[in-house]
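Take a look at the structure set out below.
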(Lines of atoms letter the chains of each structure in order from A and count residues from 1; the text may use other names and numbers.)
(Lines give C-alpha, C1' and ligand atoms only; values in the text may rest on other atoms or scores of the structure.)
Protein backbone atom coordinates (compact mmCIF):
# COMPACT_ATOMS: atom_id res chain seq x y z
CA UNK A 1 0.00 0.00 0.00
CA UNK A 2 1.10 3.57 -0.62
CA UNK A 3 2.48 5.69 2.25
CA UNK A 4 0.12 8.13 3.98
CA UNK A 5 2.07 11.22 2.99
CA UNK A 6 1.71 10.32 -0.65
CA UNK A 7 -2.01 9.74 -0.19
CA UNK A 8 -2.45 13.27 1.13
CA UNK A 9 -0.83 14.61 -2.02
CA UNK A 10 -3.04 12.42 -4.18
CA UNK A 11 -6.15 13.68 -2.44
CA UNK A 12 -5.37 17.20 -3.63
CA UNK A 13 -5.22 16.15 -7.26
CA UNK A 14 -8.20 16.67 -9.54
CA UNK A 15 -8.34 13.25 -11.09
CA UNK A 16 -10.55 12.65 -14.08
CA UNK A 17 -12.35 9.58 -12.80
CA UNK A 18 -15.00 9.62 -15.50
CA UNK A 19 -13.14 7.01 -17.57
CA UNK A 20 -11.34 5.31 -14.67
CA UNK A 21 -12.53 1.76 -13.88
CA UNK A 22 -13.29 2.66 -10.28
CA UNK A 23 -15.59 -0.35 -9.96
CA UNK A 24 -12.35 -2.29 -9.42
CA UNK A 25 -12.45 -0.90 -5.88
CA UNK A 26 -15.05 -3.62 -5.24
CA UNK A 27 -12.07 -5.95 -4.89
CA UNK A 28 -10.38 -3.96 -2.12
CA UNK A 29 -13.21 -2.06 -0.44
CA UNK A 30 -15.37 -2.96 2.56
CA UNK A 31 -17.81 -4.91 0.39
CA UNK A 32 -15.04 -7.37 -0.51
CA UNK A 33 -14.30 -8.21 3.12
CA UNK A 34 -17.98 -9.02 3.70
CA UNK A 35 -18.61 -11.06 0.53
CA UNK A 36 -19.01 -14.29 2.50
CA UNK A 37 -21.60 -12.86 4.91
CA UNK A 38 -23.54 -10.19 3.02
CA UNK A 39 -25.01 -10.02 -0.49
CA UNK A 40 -23.63 -7.62 -3.06
CA UNK A 41 -25.50 -4.31 -3.10
CA UNK A 42 -25.22 -3.27 -6.74
CA UNK A 43 -26.23 0.34 -6.15
CA UNK A 44 -23.41 0.77 -3.64
CA UNK A 45 -20.64 -0.30 -6.04
CA UNK A 46 -18.90 2.92 -7.09
CA UNK A 47 -18.47 3.85 -10.72
CA UNK A 48 -20.97 1.53 -12.40
CA UNK A 49 -22.47 2.76 -15.65
CA UNK A 50 -26.16 1.91 -16.23
CA UNK A 51 -25.33 -1.21 -18.27
CA UNK A 52 -23.11 -2.54 -15.49
CA UNK A 53 -25.75 -1.78 -12.88
CA UNK A 54 -28.36 -3.73 -14.85
CA UNK A 55 -25.94 -6.60 -15.33
CA UNK A 56 -25.14 -6.66 -11.62
CA UNK A 57 -28.82 -6.83 -10.68
CA UNK A 58 -29.55 -9.56 -13.24
CA UNK A 59 -26.53 -11.67 -12.30
CA UNK A 60 -26.03 -10.69 -8.67
CA UNK A 61 -25.14 -14.24 -7.62
CA UNK A 62 -21.96 -14.19 -9.70
CA UNK A 63 -20.86 -10.71 -8.62
CA UNK A 64 -18.74 -12.13 -5.75
CA UNK A 65 -16.81 -14.02 -8.44
CA UNK A 66 -16.37 -10.77 -10.37
CA UNK A 67 -14.85 -9.21 -7.25
CA UNK A 68 -12.67 -12.28 -6.67
CA UNK A 69 -11.47 -12.04 -10.26
CA UNK A 70 -10.40 -8.42 -9.96
CA UNK A 71 -8.68 -9.26 -6.67
CA UNK A 72 -6.81 -12.11 -8.34
CA UNK A 73 -5.80 -9.76 -11.15
CA UNK A 74 -4.41 -7.19 -8.72
CA UNK A 75 -2.46 -9.84 -6.81
CA UNK A 76 -1.06 -11.32 -10.02
CA UNK A 77 -0.04 -7.85 -11.21
CA UNK A 78 1.85 -7.31 -7.96
CA UNK A 79 3.57 -10.67 -8.35
CA UNK A 80 4.60 -10.08 -11.95
CA UNK A 81 5.96 -6.57 -11.26
CA UNK A 82 7.42 -7.24 -7.81
CA UNK A 83 10.98 -6.59 -9.00
CA UNK A 84 10.31 -3.63 -11.29
CA UNK A 85 10.34 0.11 -10.68
CA UNK A 86 6.56 0.18 -10.90
CA UNK A 87 5.39 -2.71 -8.74
CA UNK A 88 1.63 -2.41 -9.20
CA UNK A 89 1.19 -0.44 -5.99
CA UNK A 90 -2.40 0.15 -4.92
CA UNK A 91 -3.63 3.27 -3.16
CA UNK A 92 -5.67 2.79 -0.01
CA UNK A 93 -8.81 4.84 0.67
CA UNK A 94 -9.15 5.83 -2.97
CA UNK A 95 -11.65 4.91 -5.67
CA UNK A 96 -8.76 5.04 -8.15
CA UNK A 97 -7.00 2.04 -6.64
CA UNK A 98 -3.87 2.42 -8.80
CA UNK A 99 -3.76 6.20 -8.54
CA UNK A 100 -3.01 8.30 -11.64
CA UNK A 101 -0.92 5.53 -13.27
CA UNK A 102 -3.91 4.39 -15.31
CA UNK A 103 -4.70 7.91 -16.51
CA UNK A 104 -2.14 7.43 -19.29
CA UNK A 105 -2.41 4.94 -22.15
CA UNK A 106 0.84 3.18 -21.23
CA UNK A 107 2.05 -0.41 -21.16
CA UNK A 108 1.20 -0.52 -17.47
CA UNK A 109 -2.41 0.47 -18.16
CA UNK A 110 -2.56 -2.16 -20.90
CA UNK A 111 -1.39 -4.91 -18.55
CA UNK A 112 -3.68 -3.95 -15.68
CA UNK A 113 -6.77 -3.93 -17.91
CA UNK A 114 -5.81 -7.27 -19.44
CA UNK A 115 -5.09 -9.04 -16.15
CA UNK A 116 -8.24 -7.66 -14.48
CA UNK A 117 -10.40 -8.74 -17.41
CA UNK A 118 -8.75 -12.16 -17.39
CA UNK A 119 -9.26 -12.41 -13.64
CA UNK A 120 -13.00 -11.82 -13.96
CA UNK A 121 -13.35 -14.41 -16.74
CA UNK A 122 -11.22 -16.91 -14.82
CA UNK A 123 -12.99 -16.55 -11.47
CA UNK A 124 -16.50 -16.68 -12.94
CA UNK A 125 -15.62 -19.74 -15.04
CA UNK A 126 -14.13 -21.56 -12.05
CA UNK A 127 -17.05 -20.63 -9.79
CA UNK A 128 -19.56 -21.96 -12.33
CA UNK A 129 -17.70 -25.26 -12.63
CA UNK A 130 -17.75 -25.60 -8.84
CA UNK A 131 -21.53 -25.18 -8.81
CA UNK A 132 -21.52 -21.91 -6.90
CA UNK A 133 -24.20 -20.29 -9.08
CA UNK A 134 -27.48 -21.65 -10.40
CA UNK A 135 -27.32 -19.68 -13.65
CA UNK A 136 -24.21 -21.44 -14.95
CA UNK A 137 -22.34 -24.69 -14.68
CA UNK A 138 -20.22 -27.00 -16.80
CA UNK A 139 -19.74 -26.50 -20.51
CA UNK A 140 -21.92 -28.59 -22.82
CA UNK A 141 -19.90 -27.59 -25.88
CA UNK A 142 -17.30 -30.35 -26.04
CA UNK A 143 -14.96 -29.89 -28.97
CA UNK A 144 -13.96 -32.90 -31.01
CA UNK A 145 -14.54 -36.62 -30.71
CA UNK A 146 -12.99 -38.58 -27.86
CA UNK A 147 -9.70 -40.27 -28.64
CA UNK A 148 -8.82 -43.91 -28.25
CA UNK A 149 -8.98 -45.00 -24.63
CA UNK A 150 -10.72 -41.96 -23.26
CA UNK A 151 -14.14 -40.33 -23.17
CA UNK A 152 -15.64 -37.00 -22.20
CA UNK A 153 -16.47 -36.76 -18.52
CA UNK A 154 -16.05 -34.61 -15.46
CA UNK A 155 -16.92 -30.93 -15.67
CA UNK A 156 -15.52 -28.97 -18.59
CA UNK A 157 -15.07 -25.35 -17.53
CA UNK A 158 -17.25 -22.97 -19.53
CA UNK A 159 -14.83 -20.23 -20.53
CA UNK A 160 -17.40 -18.95 -23.03
CA UNK A 161 -19.72 -17.98 -20.18
CA UNK A 162 -16.90 -16.54 -18.08
CA UNK A 163 -15.66 -14.58 -21.07
CA UNK A 164 -19.16 -13.29 -21.74
CA UNK A 165 -19.47 -12.01 -18.18
CA UNK A 166 -16.10 -10.28 -18.42
CA UNK A 167 -16.96 -8.79 -21.81
CA UNK A 168 -20.43 -7.57 -20.83
CA UNK A 169 -19.34 -6.15 -17.48
CA UNK A 170 -15.74 -4.99 -17.91
CA UNK A 171 -16.27 -3.55 -21.40
CA UNK A 172 -19.57 -1.83 -20.60
CA UNK A 173 -17.99 1.56 -19.94
CA UNK A 174 -15.61 1.37 -22.91
CA UNK A 175 -18.17 2.47 -25.51
CA UNK A 176 -16.83 5.94 -26.24
CA UNK A 177 -15.54 6.67 -29.78
CA UNK A 178 -12.10 7.66 -28.49
CA UNK A 179 -8.67 6.06 -28.60
CA UNK A 180 -8.54 5.18 -24.92
CA UNK A 181 -11.76 3.19 -25.07
CA UNK A 182 -10.47 1.39 -28.16
CA UNK A 183 -7.25 0.56 -26.33
CA UNK A 184 -9.04 -0.66 -23.20
CA UNK A 185 -11.42 -2.84 -25.21
CA UNK A 186 -8.51 -4.40 -27.08
CA UNK A 187 -6.51 -5.14 -23.94
CA UNK A 188 -9.55 -6.44 -22.06
CA UNK A 189 -10.10 -8.90 -24.90
CA UNK A 190 -6.42 -9.86 -24.89
CA UNK A 191 -6.81 -10.87 -21.26
CA UNK A 192 -9.79 -13.08 -22.06
CA UNK A 193 -8.04 -14.59 -25.09
CA UNK A 194 -5.09 -15.48 -22.88
CA UNK A 195 -7.33 -17.88 -20.97
CA UNK A 196 -9.15 -19.23 -24.03
CA UNK A 197 -5.85 -20.03 -25.76
CA UNK A 198 -4.57 -21.92 -22.70
CA UNK A 199 -7.58 -24.18 -22.14
CA UNK A 200 -6.37 -27.76 -22.02
CA UNK A 201 -7.56 -31.31 -21.42
CA UNK A 202 -7.36 -32.79 -17.95
CA UNK A 203 -7.89 -36.51 -17.59
CA UNK A 204 -8.52 -39.01 -14.82
CA UNK A 205 -7.76 -42.72 -15.02
CA UNK A 206 -10.30 -45.43 -14.19
CA UNK A 207 -9.63 -49.11 -13.72
CA UNK A 208 -8.51 -51.74 -11.26
CA UNK A 209 -5.44 -50.77 -9.24
CA UNK A 210 -4.95 -47.63 -11.28
CA UNK A 211 -4.57 -49.55 -14.52
CA UNK A 212 -6.08 -46.69 -16.51
CA UNK A 213 -8.25 -48.94 -18.65
CA UNK A 214 -10.17 -45.85 -19.63
CA UNK A 215 -9.77 -42.14 -19.02
CA UNK A 216 -12.37 -39.44 -18.64
CA UNK A 217 -11.27 -36.00 -19.79
CA UNK A 218 -12.59 -32.47 -19.58
CA UNK A 219 -11.56 -28.96 -20.57
CA UNK A 220 -9.83 -27.01 -17.82
CA UNK A 221 -8.39 -23.56 -17.35
CA UNK A 222 -4.67 -23.25 -16.58
CA UNK A 223 -3.37 -21.95 -13.27
CA UNK A 224 -3.85 -18.19 -13.14
CA UNK A 225 -0.07 -17.80 -12.74
CA UNK A 226 0.26 -19.17 -16.28
CA UNK A 227 -2.03 -16.38 -17.49
CA UNK A 228 -0.01 -13.81 -15.56
CA UNK A 229 3.26 -15.07 -17.06
CA UNK A 230 1.75 -15.01 -20.56
CA UNK A 231 0.40 -11.47 -20.23
CA UNK A 232 3.67 -10.27 -18.70
CA UNK A 233 5.43 -11.48 -21.86
CA UNK A 234 2.81 -9.59 -23.87
CA UNK A 235 3.55 -6.48 -21.77
CA UNK A 236 7.24 -6.74 -22.65
CA UNK A 237 6.41 -7.01 -26.37
CA UNK A 238 3.40 -4.65 -26.41
CA UNK A 239 2.67 -2.86 -29.68
CA UNK A 240 2.97 0.92 -29.75
CA UNK A 241 0.09 2.55 -31.61
CA UNK A 242 -0.79 5.99 -32.93
CA UNK A 243 -4.18 7.66 -32.77
CA UNK A 244 -6.04 8.50 -35.96
CA UNK A 245 -9.21 10.59 -36.21
CA UNK A 246 -11.80 10.25 -38.91
CA UNK A 247 -15.39 11.32 -39.34
CA UNK A 248 -18.26 8.86 -39.37
CA UNK A 249 -22.02 9.30 -39.36
CA UNK A 250 -21.98 9.52 -35.56
CA UNK A 251 -19.23 12.14 -35.56
CA UNK A 252 -15.48 12.05 -35.01
CA UNK A 253 -14.08 8.63 -34.15
CA UNK A 254 -10.59 7.79 -32.93
CA UNK A 255 -8.94 4.54 -33.95
CA UNK A 256 -5.52 3.00 -33.42
CA UNK A 257 -2.94 1.83 -35.92
CA UNK A 258 0.60 0.50 -35.40
CA UNK A 259 3.24 3.21 -35.16
CA UNK A 260 5.81 1.13 -37.00
CA UNK A 261 4.71 -0.51 -40.23
CA UNK A 262 7.68 -2.91 -40.29
CA UNK A 263 6.42 -4.65 -37.12
CA UNK A 264 3.63 -7.19 -37.27
CA UNK A 265 0.10 -5.95 -36.78
CA UNK A 266 -1.01 -6.76 -33.20
CA UNK A 267 -3.43 -9.64 -32.88
CA UNK A 268 -6.29 -9.86 -30.40
CA UNK A 269 -3.88 -11.62 -28.02
CA UNK A 270 -1.33 -8.78 -28.01
CA UNK A 271 -1.33 -5.73 -25.74
CA UNK A 272 -1.38 -2.24 -27.23
CA UNK A 273 -0.55 1.24 -25.90
CA UNK A 274 0.10 4.71 -27.33
CA UNK A 275 1.74 6.78 -24.57
CA UNK A 276 5.22 6.42 -23.09
CA UNK A 277 5.60 5.32 -19.48
CA UNK A 278 7.31 7.48 -16.87
CA UNK A 279 10.57 6.05 -15.53
CA UNK A 280 9.08 5.59 -12.03
CA UNK A 281 12.43 6.48 -10.43
CA UNK A 282 11.23 9.43 -8.34
CA UNK A 283 7.93 10.13 -6.55
CA UNK A 284 5.56 12.04 -8.79
CA UNK A 285 1.90 12.41 -7.79
CA UNK A 286 0.92 13.50 -11.29
CA UNK A 287 2.08 10.25 -12.88
CA UNK A 288 1.35 8.01 -9.90
CA UNK A 289 5.00 7.11 -9.40
CA UNK A 290 6.05 6.30 -5.84
CA UNK A 291 9.74 6.16 -6.74
CA UNK A 292 12.09 3.37 -5.74
CA UNK A 293 13.70 4.73 -2.58
CA UNK A 294 13.88 2.10 0.20
CA UNK A 295 12.86 -0.66 -2.23
CA UNK A 296 14.69 -3.95 -1.74
CA UNK A 297 16.97 -4.74 -4.68
CA UNK A 298 18.94 -7.80 -5.82
CA UNK A 299 22.63 -6.95 -5.64
CA UNK A 300 23.64 -9.96 -7.74
CA UNK A 301 21.20 -9.32 -10.59
CA UNK A 302 21.92 -7.41 -13.79
CA UNK A 303 18.21 -7.28 -14.62
CA UNK A 304 15.56 -4.68 -13.79
CA UNK A 305 15.37 -6.03 -10.21
CA UNK A 306 19.10 -5.44 -9.73
CA UNK A 307 20.32 -2.56 -7.60
CA UNK A 308 21.81 -0.68 -10.56
CA UNK A 309 18.57 -0.45 -12.54
CA UNK A 310 15.97 -0.55 -9.79
CA UNK A 311 17.73 2.21 -7.87
CA UNK A 312 18.08 4.34 -11.02
CA UNK A 313 21.79 4.88 -10.50
CA UNK A 314 21.38 6.43 -7.02
CA UNK A 315 23.20 3.58 -5.28
CA UNK A 316 21.96 1.38 -2.48
CA UNK A 317 22.35 0.74 1.22
CA UNK A 318 23.33 -2.60 2.73
CA UNK A 319 22.48 -4.05 6.11
CA UNK A 320 22.18 -7.44 7.78
CA UNK A 321 19.02 -8.88 9.28
CA UNK A 322 18.74 -11.73 11.75
CA UNK A 323 15.58 -13.76 11.33
CA UNK A 324 14.27 -16.61 13.45
CA UNK A 325 12.92 -19.40 11.28
CA UNK A 326 11.82 -23.00 11.61
CA UNK A 327 14.50 -25.49 10.62
CA UNK A 328 15.50 -29.18 10.85
CA UNK A 329 11.88 -30.25 10.59
CA UNK A 330 11.13 -33.95 11.09
CA UNK A 331 7.96 -35.87 10.26
CA UNK A 332 6.83 -38.23 13.02
CA UNK A 333 4.53 -41.22 12.42
CA UNK A 334 1.72 -40.53 12.87
CA UNK A 335 1.10 -37.65 12.22
CA UNK A 336 2.89 -34.47 13.14
CA UNK A 337 5.98 -32.46 12.26
CA UNK A 338 8.45 -31.14 14.82
CA UNK A 339 10.86 -28.32 14.03
CA UNK A 340 13.71 -26.50 15.70
CA UNK A 341 14.07 -22.73 15.58
CA UNK A 342 17.16 -21.30 13.96
CA UNK A 343 18.55 -17.80 13.55
CA UNK A 344 19.68 -16.96 10.05
CA UNK A 345 21.52 -13.86 8.90
CA UNK A 346 20.51 -12.20 5.64
CA UNK A 347 22.13 -9.40 3.65
CA UNK A 348 19.49 -6.83 2.66
CA UNK A 349 20.07 -4.15 0.02
CA UNK A 350 17.74 -1.17 -0.39
CA UNK A 351 17.74 1.71 -2.85
CA UNK A 352 19.02 5.11 -1.72
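Glycine is treated like the rest: Cβ placed from N, Cα and C.
Over in Swiss-Prot, the protein carries these features:
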type: SIGNAL; residues: 1-18; note: signal peptide
type: DISULFID; residues: 77-88; note: disulfide bond
type: CARBOHYD; residues: 87; note: N-linked glycosylation site
type: DISULFID; residues: 128-136; note: disulfide bond
type: DISULFID; residues: 138-155; note: disulfide bond
type: DISULFID; residues: 203-217; note: disulfide bond
type: DISULFID; residues: 205-212; note: disulfide bond
type: LIPID; residues: 209; note: O-palmitoleoyl serine
type: DISULFID; residues: 281-312; note: disulfide bond
type: DISULFID; residues: 297-307; note: disulfide bond
type: CARBOHYD; residues: 298; note: N-linked glycosylation site
type: DISULFID; residues: 311-351; note: disulfide bond
type: DISULFID; residues: 327-342; note: disulfide bond
type: DISULFID; residues: 329-339; note: disulfide bond
type: DISULFID; residues: 334-335; note: disulfide bond
Between residue 297 (disulfide bond) and residue 327 (disulfide bond): CA-CA distance (Å): 26
Cα-to-Cα gap, residue 138 (disulfide bond) vs residue 297 (disulfide bond), nearest whole Å: 45
Lowest local Cβ density (other Cβ within 10 Å) among disulfide-bonded residues: 77, 203, 307: 203
DSSP state at residue 334 (disulfide bond), helix/strand/coil: coil
Between residue 88 (disulfide bond) and residue 307 (disulfide bond): CA-CA distance (Å): 19
Other CB atoms, at most 10 A from the CB of residue 342 (disulfide bond): 11
Cβ-based isolation winner (fewest other Cβ atoms within 10 Å) among the disulfide-bonded residues 136, 205, 217, 334: 334
Residue from 87, 128, 334 whose C-alpha is spatially nearest that of residue 312 (disulfide bond), among the recorded positions: 87
Secondary structure of residue 128 (disulfide bond) (DSSP, helix/strand/coil): helix
Local Cβ density at residue 212 (disulfide bond) - other Cβ atoms counted within 10 Å: 14
DSSP-derived structure type at residue 77 (disulfide bond), helix or strand or else coil: helix
DSSP-derived structure type at residue 342 (disulfide bond), helix or strand or else coil: strand
Residue with minimal Cβ packing [other Cβ atoms within 10 Å] among the disulfide-bonded residues 88, 312: 312
Cβ-based isolation winner (fewest other Cβ atoms within 10 Å) among the disulfide-bonded residues 297, 311, 335, 351: 335
203, 217, 281, 297, 339 screened against residue 311 (disulfide bond), Cα within 10 Å - retained disulfide-bonded residues: 281, 297
